[in-house]
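Notes to accompany the following structure.
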Amino acid sequence: MYRLDSTMARGEGAEQYAASLLSVKPINTDIKTAKPNDQRNRLSVWNKLCYAIGGAPYQITGSALGFFLQIYLLDVAQLDPFHASIILFVGRAWDAVTDPTVGFLVSRSRWTRIGRMMPWILFSTPFAVLTYFLIWYVPPFEQGKVVWYLIFYCLFQSMQTCFHVPYSALTMFISNDQKERDSATAYRMMVEVLGTVLGTAIQGQIVGGDTSCPTEPDEHDSRNSTNTSIVSLNETKRAYLISSGVISIIYIFCATVLFLGVKEKKESGRKVSQLTFCQGLWLVMGYGPYIKLVIGFLFTSLAFMLLEGNFALFITYALGHRKDYQNILLVIMLSGTVTIPFWQWFLTRFGKKKAVYFGITWAVPFMILIVCIKSNLTISYLVSVAAGVSVAAAFLLPWSMLPDVVDDFKVKNPDIHGHEALFYSYYVFFIKFASGLSLGVSTLSLKFAGYVTGSCSQPEAVSLTLKVLVSPVPVALIAVGLLILWTYPIDEERRQGNRKLLQEMLDSESETSVLGSSV
C-alpha cells in the first residue's frame, strides 16, 4: 500500500519529526554571529504548512487510483481483464519514463521570478485535474474505450510527474538550514499520510455507498433484475464522477496554497552544472549507495503495490466482504496515520536501518494470516489495523533515507550542484515501473484464472490467484528487498558526519559570498 505508491522528497533527517513538528530550536544559540543567518533561513509555521499541503494531491490521487482503478476498469467500465492489464501497465510504464525526463528538464530549468521548480507545479495543475477527471468517466461508446482510458491515464501521469518531481526537489530549496528542512519535511509527511487517508475515504465512501452487485440474479423476475442492474451500474458511474470531482477541487486548492505560501530560495554562489541526459543518468546510476537503496526498496515497494492493487478485489471476491471493502481500506490507512509518530520515535531511538527491518517485516505475519483463516469480518478489521502499522513504515522510510543519499553524494562530489531532482526522479522511475509491472501482471493473471467482468461471483481459481497475489508473492519480495538493504552503507554515524561536513561547506560558501560582496 505504498503509493504510498503509492508516493511517495523529504529533507534530510526525517527522524527529527517528533521533536520538531511544532517548533524548531536554533542549532547553537551560543554563537551570536550565526543568528542573523539563522533568522533568514527560518521558516514560519505557515510556510511549513503551505509546503506540506502541496504534497497532498499526489497522495490523494495516488491512493484513489491505487486502490480503485483496477476494480473500476473491470466492474464499472467493464473492460476485458487483458485490456485492463494493458492500460495499467502501459500507463504506469509511461509514467515511469516521464520521471527521469522531467527530472532532467527540471535540472536544466532557468531561474524565474517565481523560482525554478514552481513554474512546473503551477502550469501542470489544470491539465492534471482535467485528465484525472476524465479517467473516471465512462465514455458512451464501446469500440474506443481502451484507447480513451489509455490516453487520459498516460496524460494524467505525465502532468502529475510535472507537478511531483519539482515538488520533491523543492525540499532542498525552501531553506539552507537542514533542521528547517527536517521540520518542513515532518509537516509534509503528516499531511501526505492524511492525504492517502483522504483519497481512500473520498473515493471509498462515495463509491462504496452506491456499489451493489449489478448482475445479481433474480429467479422471479429477470426483467426487473436487468433494470436494477442498469440503474445500479449508472449510479456507480455517477458516484465515481462525483468523487473524482471532489478530489479535483482539492487538488487545485492544495496547489494554490503551495504557490501562495512557499517562496523558493535561490542557491547563492552556485551555478547548476549542465549535463547531458546520458551524463546525468551515469552520474546517478553510478553511485553505489543510491543503487542499493533503490533496488532494495524496489522489491519491498513492489510487494506493497501488489497488495494495494489487488486488495479491493481480494476483499470483495476472496473474503466476500463486498459491502465493507471500502471501510477495511480506510481502516488500514487510518491505522498507518496514527502510527506515524511511533515510527518517527523509532527512527530517532534506533536508527533508520533497524526501522526498515522492524517496520516492513511487521506486515509479513498478517499477510500470511489473512489468507489462512476462514473469512471473518471482525478478524479482517483487526488484521487491517495491524497491517496499517507496517504501511506507515513503508510510506515513511524510503523517502526519509533518500535525502541521506543525496547529502552523501554532495559530500563526495562537492563541485557538482543542482541535480537533486535527478536522484528523486530516477527513484520514482523505478518504483512506478515496478507498479505498472505488478498491476499489469496481476490483472493478466486474473484473466488466465477466468475472471468474469461484471459478475457478482468469481470462479475458485480467481480467489486462489488473489490469495497468491496478496500473500506469498509479496512476502518473497520483501525478503529479497531486505537482504539487499542489509548492504546499504549509510548508517547513523556516516549520516551525522555528512551533516556536519555539509554545514561546514555551507558556512564556507556563505563567508566567501560575504567577503566577495564586501570587496
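Just so it is clear, glycine is given a Cβ too, placed from its N, Cα and C backbone atoms.
Automatic prediction, not curation, is the source of TrEMBL annotations.
Annotation source TrEMBL lists transmembrane segment at 49-74 (among others).
Annotated transmembrane segment per TrEMBL: 86-106 (among others), in sequence order. If you look at the transmembrane segment (86-106), the same-chain residues 6 or more away from its ends with a CB under 8 A from one of its CBs are 69-70, 73, 79, 116-117, 120, 146, 149-150, 153-154, 157-158, 160-162, 165-166, 169, 277, 280-281, 309, 421-422, 424-426, 428-433, 435-437, 439-441, 443.
Sequence-remote contacts of a segment are chain residues at least 6 beyond its ends whose Cβ falls under 8 Å from one of its Cβ atoms, and for the transmembrane segment (118-138) they are 54, 57, 61, 65, 69, 72, 76-77, 102, 106, 109, 112, 145, 149, 152-153, 155-156, 159-160, 162-163, 165-167, 170, 237, 240-241, 243-245, 247-248, 251-252, 255, 258-259, 262, 264. Here TrEMBL flags 118-138 (among others) as transmembrane segment.
The feature transmembrane segment is assigned by TrEMBL to 150-174 (among others).
The transmembrane segment feature in TrEMBL is assigned to 239-262 (among others).
Residues 1-6, 66-68, 70-71, 74, 88, 325, 328-329, 360, 363, 367, 371, 375, 380, 391, 394, 397-398, 401-402, 405, 426-427, 430-431, 434-435, 437-439, 442, 446, 457-458, 462-463, 466-467, 469-470, 473-475, 477-478, 480-482, 484-485, 488 of the same chain lie 6+ residues outside the transmembrane segment (293-319) yet bring a C-beta within less than 8 angstroms of a C-beta in it. TrEMBL lists 293-319 (among others) with the feature transmembrane segment.
Feature annotation from TrEMBL assigns transmembrane segment to 325-343 (among others).
Same-chain residues lying 6 or more positions outside the transmembrane segment (355-373) and placing a CB less than 8 Å from one of its CB atoms are 300, 304, 307, 318, 343, 346-347, 379-380, 383, 386-387, 389-394, 396-397, 401, 467, 470-471, 474-475, 478, 481-482, 485. If you look up TrEMBL, you'll see 355-373 (among others) marked as transmembrane segment.
Packing against the transmembrane segment (379-402) from elsewhere in the chain are residues 1-2, 4, 7-10, 13-15, 185, 189, 192-193, 196, 293, 297, 300-301, 304, 315, 319, 321, 324, 328-329, 331-340, 342-344, 347, 352, 355-356, 358-363, 366-367, 369-370, 373, 423-424, 427, 488, 490: each is 6 or more residues past its ends and has a CB under 8 Å from a CB in it. Taken from TrEMBL, the feature transmembrane segment applies to 379-402 (among others).
The transmembrane segment feature in TrEMBL is assigned to 423-449 (among others).
Taken from TrEMBL, the feature transmembrane segment covers 469-490 (among others).
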Worksheet item: Looking only at residues six or more beyond either end of the transmembrane segment (150-174), which have a C-beta under 8 A from one in the stretch?
Response: 9-11, 43, 47, 51, 54-55, 57-58, 61, 86-87, 90-92, 94-95, 98-99, 102-103, 106, 115-118, 120-121, 123-125, 127-128, 131-132, 134-135, 180-181, 184-185, 188, 255, 258, 262-267, 403, 406, 420-421, 424-425, 428, 432
Response to the item:
Residues outside the transmembrane segment (423-449) whose C-beta sits under 8 Å from one of its C-beta atoms, at least 6 past its ends, are 2-3, 5-9, 70, 74, 80-82, 84-86, 88-93, 95-97, 99-100, 102-104, 106, 157, 161, 164-165, 168-169, 281, 284-285, 290, 294-295, 297-298, 301-302, 305-306, 309-310, 313, 398, 402, 405-406, 409, 459, 461-462, 464-466, 469
Worksheet item: Under an 8 Å Cβ to Cβ limit, what residues of the same chain, 6 or more beyond the ends of the transmembrane segment (325-343), are close to it?
Response: 1, 17-18, 63, 67, 189-190, 193-194, 196-197, 200-201, 203-205, 207-208, 211, 311-312, 315-316, 355, 359, 380-381, 384-389, 391-393, 395-397
